[in-house]
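S.K.: The annotation Mg(2+) binding site is assigned in Swiss-Prot to 9, 384 on the grounds of sequence analysis. What Swiss-Prot lists as ATP binding site is 16, 206, 207, 208, 209, 210, 281, 282, 283, 329, 330, 331, 332, 333, and the listing cites sequence analysis. Positions annotated as substrate binding site by Swiss-Prot: 89. The annotation active site, proton donor/acceptor is assigned in Swiss-Prot to 146 on the grounds of sequence analysis. Taken from Swiss-Prot, the feature site 'Transition state stabilizer' covers 178, 239.
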């Protein structure tokens with residue numbers, strides 16, 4: 001039976017897709033539909049070369065998936081015919097899902113219930129699942145949850161110091177995100193260090209427009225920076241990360257902001273965007289560091305916050321840290337940010353290898369610390385699609 005898996009990642013206004021061989025890891029098709037629901041809705045994909053098409057004003061997830069099936073896959077009938085199953089990235093699974101699951105009506109309801117904590121993402125996931133079922137009625141669908149990897153966190157890590165009944169009755173706790181990426185990096189480090197996954201202790205920094213740090217002990221997540229939602233933790237592209245909660249009351253009561261305005265500010269106007277008041281693009285911050293005040297300010301705050309998290313998470317690993325790892329768009333490509341963060345961790349005996357750090361960009365990987373460094377730091381390209389494909393193939397019986 002074919003182990004080709006169609007991997008779907010439905011964002012609030014995007015659809016990322018790939019056809020992945022779960023056995024070899026080869027990607028036969030990759031693509032992205034973006035600006036969905038807007039006049040400029042479009043799709044880009046790679047299949048025998050690069051292609052791009054306009055989807056039509058207002059095209060949404062259903063139209064994007066239909067275009068992918070009827071136009072892109074139709075041009076490669078053998079690829080479509082050999083699809084074995086469909087895997088869906090699901091941002092939030094609440095406490096119900098501790099691992100990936102074959103999608104049933106009950107699982108679909110669980111995804112809907114968890115939408116309270118991911119109102120932009122989970123409803124889009126459900127649309128993607130329903131559209132996939134309609135277009136491929138004979139294929140099994142599997143949900144792979146970003147939150148599942150973090151379900152091993154101890155109570156001391158996931159509880160907030162709020163009235164306990166808020167957790168027991170309403171599920172208000174830390175859930176964490178990027179679990180699929182953190183899991184992939186854990187497995188990769190195990191291979192690089194020639195250790196069983198169950199013996200790996202790392203701190204992984206997944207840095208992109210959304211960013212999180214995860215402390216991984218004996219191959220399991222024991223703490224992570226994102227919380228109930230993806231808003232908590234690090235400075236991100238447009239998200240604020242950690243702030244004093246009373247700022248919300250001050251904005252509302254003293255400055256007259258509405259709840260909707262505050263929500264929009266914290267999620268879409270903060271982070272690098274807020275600190276620079278120019279852009280959320282980390283490349284601007286990196287390229288103009290030391291020359292433009294706004295870029296310098298943003299990069300210093302970003303690196304300070306990240307270094308604090310990494311240092312703090314050493315306390316969860318009980319004396320052994322095998323490696324600090326960097327992944328994600330920024331983690332894999334920004335040598336200056338990696339160096340600034342690691343230099344702030346000099347107390348741990350970390351020494352950056354400047355040449356190796358510069359080489360580890362644009363697909364380059366490897367150790368970026370010297371042989372004398374007490375703790376190695378590594379750059380590893382993440383591959384969430386492969387994890388989703390592997391889990392899907394296993395649960396679908398491919």
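We count from 1, first residue shown onward.
From the backbone N, Cα and C atoms, a Cβ is placed for every residue, glycine too.
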S.K.: Look up residue 330 (ATP binding site) in the DSSP assignment and reduce it to helix, strand or coil.
M.R.: helix
S.K.: Enumerate same-chain residues with a sequence separation of six or more from residue 384 (Mg(2+) binding site) and a Cβ-Cβ distance below 8 A; give 'none' if the list is empty.
M.R.: 9, 89, 180, 181, 184
S.K.: What count of other C-beta atoms do you get within 10 angstroms of the C-beta of residue 207 (ATP binding site), across all chains shown?
M.R.: 27
S.K.: Got a sec? Which of these recorded positions, 146, 281, 332, has the most Cβ atoms within 10 Å?
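M.R.: Ranked by Cβ atoms within 10 Å, first place goes to 146.
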S.K.: Report, in whole Å, the straight Cα-to-Cα distance of residue 239 (site 'Transition state stabilizer') from residue 330 (ATP binding site).
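M.R.: It is 15 Å, counting Cα to Cα.
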S.K.: Please classify the secondary structure at residue 384 (Mg(2+) binding site) using three-state DSSP.
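M.R.: Reduced to three states, the DSSP call for residue 384 (Mg(2+) binding site) is helix.
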S.K.: Which Cβ among the recorded positions (16, 89, 239, 283) has the fewest C-beta neighbours inside 10 Å?
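M.R.: Output over recorded positions 16, 89, 239, 283: least Cβ neighbours within 10 Å is 283.
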S.K.: Between C-alpha atoms, which of these recorded positions comes nearest to residue 207 (ATP binding site): 146, 178, 239?
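M.R.: When the Cα distances are compared, 178 comes out closest.
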